[in-house]
Amino acid sequence: MKYDIGIIGSGPGGYVAAIRAAQLQRSVVMIEEAQLGGVCLNWGCIPTKALLKSAQLWCDLTKVSDHGISIQGQQFDLQKMVARSRKISQTLGQGLQGLMKKHGITLVGGRAKIQECTSQSVTLQVTGHDMLSLEVSHLILATGAKPRVLPVNIPESIVWNARAAMTPDQLPERLLVVGAGAIGMEFASFYQALGVQVTVLEQGSRILPQEDSECTGLAYKIFQEQGMQFFLASELESVEIVAESIHARIVSRDGSQVYSWRGSITTDRVLIAIGVTGNTQDLGLEKTKVQVTQGHIVVSEVFQTDEPTIYAIGDVIGGPWLAHLASHQGIACVEHIISGTKRLVDPLSIPGCTYTLPPFASFGLTESKARERYDVQVGRFSFSGNGQALAQGSGPGLVKIIFEEKTGELLGAHLFGRESPELLSALLVTKGLEGTAEALSSVMLPHPTMSEMIHEAALAAQGRGLHG
């Protein structure tokens, strides 16, 4: 069978690329060896947000007395939380099946491997229920990534990966999270909110290193107040079971990389969240000119590999590992294949959200990076100064916006606090429309809303703040 475009992987990059190709009147076959929608829909972005929403509601419920409401005997059911998250993924998966049918996209279940690659086409062998041979004019690799493995021997009975942490049979009393990136910190927030004693171990000097240091500094204090414990600039040396107790041995170091402290903590589960590496194995890449460096496929700015007929998008080409970025890349990739269009991705316009409790949302340069390159204006506004944030009981937070001083260009935005991911969109639109500090501060926003903090931060950057 011959198709115009073949796609291996059905995650946010793969299925969006498939839809766009179908919209442009191309025949499309998409091969998936697991579940339609990939990790994001089934075991990542969506189910974790469902769990975190349940945890947030539980936290809110414990504070209803502040609103003059009394509830007796409140409790949560962990298995119902998990079941709800699984049902949401299932519902979205069914919807995705409908989209594939609507656009006439052929779905093939199984594992695809490149058998032959020429300047005109790629031949694939698919193993699954049946052996199938497919020929495609262009191939898009959207195979995603898998968790990195910690080089420490940990008893299998106590170690968790993200998938296991999403479907626990019961809550552990104590949880050690190794890795303070987005995945690790989201799970830390979920379990801490449900009463688990959470300890976070991070090799770097601070949590969420991709975020602005001022925001992470505020978050670090809040997470500690919530009850989390942290070991920064530290590594896990060993885990062993001694007399039915689980001991994790930790080593910490000073700035010169010399180990300066050794000790151990007791835990019940160890969650490993130290990043991902691309799914590049068993694809038949050795039969092609496709290059793989540090576990990820090398591509050009239009996502083309060294083989003219093979492209790659999403997590398999490296970070940032974001579903929406993979989707954007999928569209850009397909449009280049079909028409030669160059839809370039601006790295300073890529948003990222971490759904801790409370969450982060950001894009562009951090303050420290911006100051290395520009003369800047920085505007800040605290959630504590916003009427709607106080009325809603949103808790602490910060809106921080960075502009280039001479032109007013929006260089970056960094938010921490409840509803931050939703608030960020207004700033992304401003960036996309090349809006300036003056333009942003001239817009009339409704009162009382949390979006007023954006207006206030823009004013503050120009020395014209009203309420801060």
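Just so it is clear, glycine is given a Cβ too, placed from its N, Cα and C backbone atoms.
TrEMBL labels come from automatic prediction, so no person has curated them.
The feature domain 'FAD/NAD(P)-binding' is assigned by TrEMBL to 3-330.
Residues or ranges marked as disulfide bond in TrEMBL: Cys40-Cys45. Taking a C-beta cut-off of under 8 angstroms and a sequence separation of 6 or more, Cys45 (disulfide bond) has the following same-chain neighbours: Ala323.
Marked as FAD binding site by TrEMBL: Lys49, Asp315. For Lys49 (FAD binding site), the Cβ neighbour count at a 10 Å cut-off comes to 17, with all displayed protein chains included. The DSSP secondary structure for Lys49 (FAD binding site) is helix.
Following the DSSP three-state reduction, the secondary structure of Ile183 (NAD(+) binding site) is helix. Residues or ranges marked as NAD(+) binding site in TrEMBL: Gly179, Ala180, Gly181, Ala182, Ile183, Gly184, Met185, Glu186, Glu202, Gly275.
The domain 'Pyridine nucleotide-disulphide oxidoreductase dimerisation' (350-458) scores a mean pLDDT of 97 in the predicted structure. Among the features that TrEMBL reports, domain 'Pyridine nucleotide-disulphide oxidoreductase dimerisation' is placed at 350-458.
Counting only residues at least six positions away in the same chain, the Cβ atoms of Gly387 sit under 8 Å from the Cβ of His447 (active site, proton acceptor). For His447, the entry in TrEMBL reads active site, proton acceptor.
Non-local neighbourhood of Gly179 (NAD(+) binding site): Leu201, Glu202, Gln203, Ile272, Ala273, Ile274, Gly275, each in the same chain, at least six residues away, with C-beta under 8 Å from its C-beta. Fewest Cβ neighbours within 10 Å among the binding-site residues Gly181, Glu202: this applies to Gly181. Neighbour density for Cys40 (disulfide bond): within 10 A of its CB lie 24 other CB atoms from the protein chains shown.
Report note: the NAD(+) site is defined by Gly179, Ala180, Gly181, Ala182, Ile183, Gly184, Met185, Glu186, Glu202, Gly275, and the residues of the same chain whose CB lies within 8 Å of the CB centroid of those residues, excluding them, are Val177, Ala188, Ile207, Leu208, Ala273, Ile274. Taking Cα separation as the measure, Asp315 (FAD binding site) is nearest to Cys40 of the recorded positions Cys40, Gly181, Ile183, Met185.
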